[in-house]
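What Swiss-Prot records for D52, T149 is active site, proton acceptor. The feature Mg(2+) 1 binding site is assigned by Swiss-Prot to E77, D144, V146, with similarity to another entry given as support. Per Swiss-Prot, the feature Mg(2+) 3 binding site maps to E77. Taken from Swiss-Prot, the feature Mg(2+) 2 binding site applies to D144, D147, D310. The adenosine 3',5'-bisphosphate binding site annotation in Swiss-Prot covers T149, S281, K284, K298, D310. Summarising the annotation, Swiss-Prot assigns AMP binding site to S281, K284, K298, D310.
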Amino acid sequence: MAVDSLETEIDTAVRVVHLASSLCVKVQEKLHLPNGGHVKSKDDDSPVTVADFGVQAIVSWVLAEVFGDQNLSIVAEEDTETLSEADSLGLLGAVSNAVNEALSEAQNYGLPKPVKPLGSSEILKAISRCNSVGGPKGRHWVLDPVDGTLGFVRGDQYAVALALIENGKVLLGVLGCPNYPVKKECLSNGCNQAMKTKAVAGSVSKGCVMYAKRGSGQAWMQPLIVGGIPESATLLKVSSVDDPVLATVCEPVERANSNHLFTAGLANSMGVRKQPMRVYSMVKYAAIARGDAEVFMKFAQSSYKEKIWDHAAGVVIVEEAGGVVTDAGGRNLDFSKGVYLEGLDRGIIACSGQVLHEKIIGAVYASWESSSL
């Protein structure tokens, strides 16, 4: 399918991420209330919340309504195993309430609305629909309902990430960043300071939604409005900084997800002076796309396998905003191998431009042999 024919897809994706992000805002407000959290641990001890399941159900249901569910392929992080456990009735009830509350406002976002509230079985079906494993052929929607759930639980940064892949190529991406400030100047007080403002229905939130379509040469940002869609968008452009000394480097917060020691040594070898911008989730890609940072580096432990839903949406947004994203060997990320980014060379490097990217790649090769990664 030609990229030019994706108007319905990008429009639907942007709208449903706005709706899903609004659900997240409301759920996060309740997290620290008595009995308002419903945070559980999955088999790998990572947290999962009402928002994770609620977003996946909403996105799945909307995509099925708009595009039909017969040949709909959705690759997503969550399944229904946790919700099906005997002690999860309260969690399932909270998910159902959140989903139906959000879908009751779907028409405000220009999206279809259920004739009647969805039952638990319908919500579980919607979540279970997202069981595709992707691959080199065909069209696959790729969803991370709440990327950075730990950040979400802590009242910090997180993202709703939706992408469309066809024949192994990412065609579009949308990032909902409910706690990432629309105005850059808010970052001067630190990323985490922008999250204390309560979102009010019908008003501009502190967050934003970013999106891009492959080949357009443009990436866009809209303010996140709880209860509707904004009427305008702002063009995104990466930073023009190409000197590592002046660059801001993004990296994951959790040491388990990245080798901070190696990235610190790498930054030092290039003369980087600024402290790293440590951010949960794909908000790191948002920071690069908007020019708030120039470099995102992630070097996970060798046993860790990167998943496509953690990168697809962010990669296309950065690239269409003028940036470059590759593995540490300078190769494009391969989204055609299924759930995982197979064949990844050491790590992932996203930069605001080709000149800076080449300098980073060169420094990686120079530093690699002396690292303990």
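Quick reminder: no glycine exception, Cβ is built from N, Cα and C everywhere.
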Candidates E77, K284, K298, namely the binding-site residues, that fall within 10 Å of D147 (Mg(2+) 2 binding site) by Cα distance: E77
Additional residues surrounding Mg(2+) 2, by Cβ distance to the D144, D147, D310 centre under 8 Å: E77, G148, A159, A161, S281, M282, K307, W309, H311
Listed recorded positions D52, T149, S281, K298, filtered to Cα within 10 Å of E77 (Mg(2+) 1 binding site): D52
For K284 (adenosine 3',5'-bisphosphate binding site), the one of D52, V146, D310 that lies nearest, given that the recorded positions are compared by Cα: D310
Cα distance (Å, whole number) from D310 (Mg(2+) 2 binding site) to K298 (adenosine 3',5'-bisphosphate binding site): 12
Top Cα neighbour of D52 (active site, proton acceptor) in the set of recorded positions D144, V146, T149, S281, D310: V146
Between D144 (Mg(2+) 1 binding site) and S281 (adenosine 3',5'-bisphosphate binding site): CA-CA distance (Å): 10
Distance, D310 (Mg(2+) 2 binding site) to T149 (active site, proton acceptor) (CA atoms, angstrom): 12
Separation of alpha carbons, D144 (Mg(2+) 1 binding site) and D310 (Mg(2+) 2 binding site) (Å): 7
Span of S281, K284, K298, D310 around AMP - largest C-alpha separation, Å: 12
